[in-house]
Amino acid sequence: MWTLVLNSGSSSLKFALLNPASGEVRLSGLAERLGTPAAAVKLEHSGQQESRSLEGGSYDAALGEVLRELETLGMRSAVRAVGHRVVHGGERFSAPVLVTPEVLEAVRACVPLAPLHNPANIVGIEAAQQAFPKLPHVAVFDTAFHQTMPEVAYRYAVPEAWYSQHGVRRYGFHGTSHAYVAGRAAEMLQRPLPTLNLITAHLGNGASVCAVAGGRSVDTSMGLTPLEGLIMGSRSGDVDPGLHDYLARQAGLSLSEITAALNKESGLLGLSGLTNDMRELEKAALTGHRGARLALGAFIYRLAKCMAGMAVALGRVDGVVFTGGIGENSRTVRGETLRRLGVLGLHLDEEANKALPRGDVGVISLPGGPVALVIPTHEELMIARETAVIVGGRGYAL
C-alpha cells in the first residue's frame, strides 16, 4: 500500500509518497510561497532533486505537479489513501479519523484554537479531495496524542466557564513526532512500549517536551497554543500572563502586536538579537557573542528544567529521547542538557555524543541509569502508518 502524506501550511505544501509497511519513500517535496508569483515546488525521488516554478501558485497547482510526477513515476494508480496532518483537533479528536463532511466541520470549529494552521489544513484537504476524489482521506491531528493527559495536567487554574464555554485548556502539539520516537525508542531498547516511561524532546524552530508513560502522553510543555513552554526559535515560550497588560499600558502596544512579537520576534532570536538558527548561535557563542551565549544558555536551562519536571508526571524515567532539527544535530544542546539532568540519574557519554553523525540514531548515555537516545523523527511515516490503520479498518482495499 502506498500512501500520499500531505502537510498544508499557510503558504506551503509538504508531501511524501510512502509505503507505511517498509518505510520506503518514493517521492517527496515541498511547494513554497504559495499564493505569490514566486511560488515553486521542489521534488525529490530516486536521489534526484528538481525545482519548478508553479504557474498560478495555488494549492491546486501544487497538487497538479504532484499528480504529474506520480504519473511520470507510474505510481498514481498505486496510491491507496491520502493522509493529512491537521494541527488542532480540540477535545473531539483523540485519534486519526476518516475525513467526512462532519469531520471537516469539526476541524473548522477548531479554527479559533489554531487560526494560522487549521484554515490551511482545511484548504489542503479540500484541494486533495478534488485531486483524488476516489481515495479515502484521513486526518491525523497533532493534538490527538495528548488527549490522554489527566485533567490535573491539562486544566488551567482559570474560571471554569473559560474551559466549559471556550475550550481554554492545554492541548499540546508535536504529538505525531512524540508518538513516533517513543515507538522507535521501544524498538531500540528491545522493550515493549507499554513498559516504558520516556521523556521525549522535539527540538526544532518549534520545540516541546512530552512525558510518555506506557506509550501514552501524560504531560507536555505546549498548551492552548504552540507558544507555551520552552524557548523556541522565535517564540518566547512561558512568560508571565501579566506581560500583556503591562506592555499595553507602558508601551502602548495592542494585544495583536504583543502576540505577534511573542511568536515572531522572541525566543532565540529575541534573546540573541542575532538569529533564530541554533547552528549560527553556536558558532557565534564560540566567538564570544554575548547575546548568542545568553540565548544558548537560557534554551538549555529551560529545556533541562522542563525535562526534569516531566519526571514528576512519570514517577520513574527509563529513558530520554532527543529529536527534531536541534535534538538530532546539536551535540552542544544534548550534552549540556544531559549534564544538568544528573539529578535523574542520567550520565552523558561524551565520546558517543561527539561521535554520533548528525541526523543519525544512537545512544549517548553511560550504563547504569536511564538511557539517552537520539532518534530522527519521521512524522510523514507515522501519518502514513496511522492512515493505513484507519483505511484498513474501514475495509478499503489495500
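From the backbone N, Cα and C atoms, a Cβ is placed for every residue, glycine too.
The Mg(2+) binding site annotation in Swiss-Prot covers Asn7, Glu379 and rests on sequence analysis. Residues annotated as ATP binding site in Swiss-Prot: Lys14, His202, Leu203, Gly204, Asn205, Gly206, Asp277, Met278, Arg279, Gly325, Ile326, Gly327, Glu328, Asn329. Residues annotated as substrate binding site in Swiss-Prot, with sequence analysis given as evidence: Arg85. Per Swiss-Prot, the feature active site, proton donor/acceptor maps to Asp142. Swiss-Prot lists His174, Arg235 with the feature site 'Transition state stabilizer', giving sequence analysis as the kind of evidence.
Each of the binding-site residues Asp277, Glu328 was scored by how many other Cβ atoms lie within 10 Å of its Cβ, and the smallest score goes to Asp277. The number of other CB atoms found within 10 A of the CB of Glu379 (Mg(2+) binding site), across every protein chain shown, is 23. Note: the CA-CA distance between Ile326 (ATP binding site) and His174 (site 'Transition state stabilizer') rounds to 15 Å.
Comparing the recorded positions Lys14, Arg85, His174, Arg235 by how many other C-beta atoms lie within 10 angstroms of each C-beta, the top residue is His174. Within 10 Å of the Cα of His174 (site 'Transition state stabilizer'), not one of the recorded positions from the list Asn7, Lys14, Asn205, Arg235, Arg279, Glu328 places its own Cα. The Cβ neighbour count for Asn205 (ATP binding site), using a 10 Å radius over every protein chain in view, is 17. Between Asn205 (ATP binding site) and the residue listed as 'substrate binding site', the C-alpha separation comes to 18 Å. Cβ environment of Arg279 (ATP binding site): Asn329, Ser330 lie under 8 Å away, each six or more residues apart in the same chain. You'll find the Cα of Arg235 (site 'Transition state stabilizer') roughly 20 Å from the Cα of Glu328 (ATP binding site). Taking only the Cα positions, the spacing between Asn7 (Mg(2+) binding site) and Glu328 (ATP binding site) is 21 angstrom.
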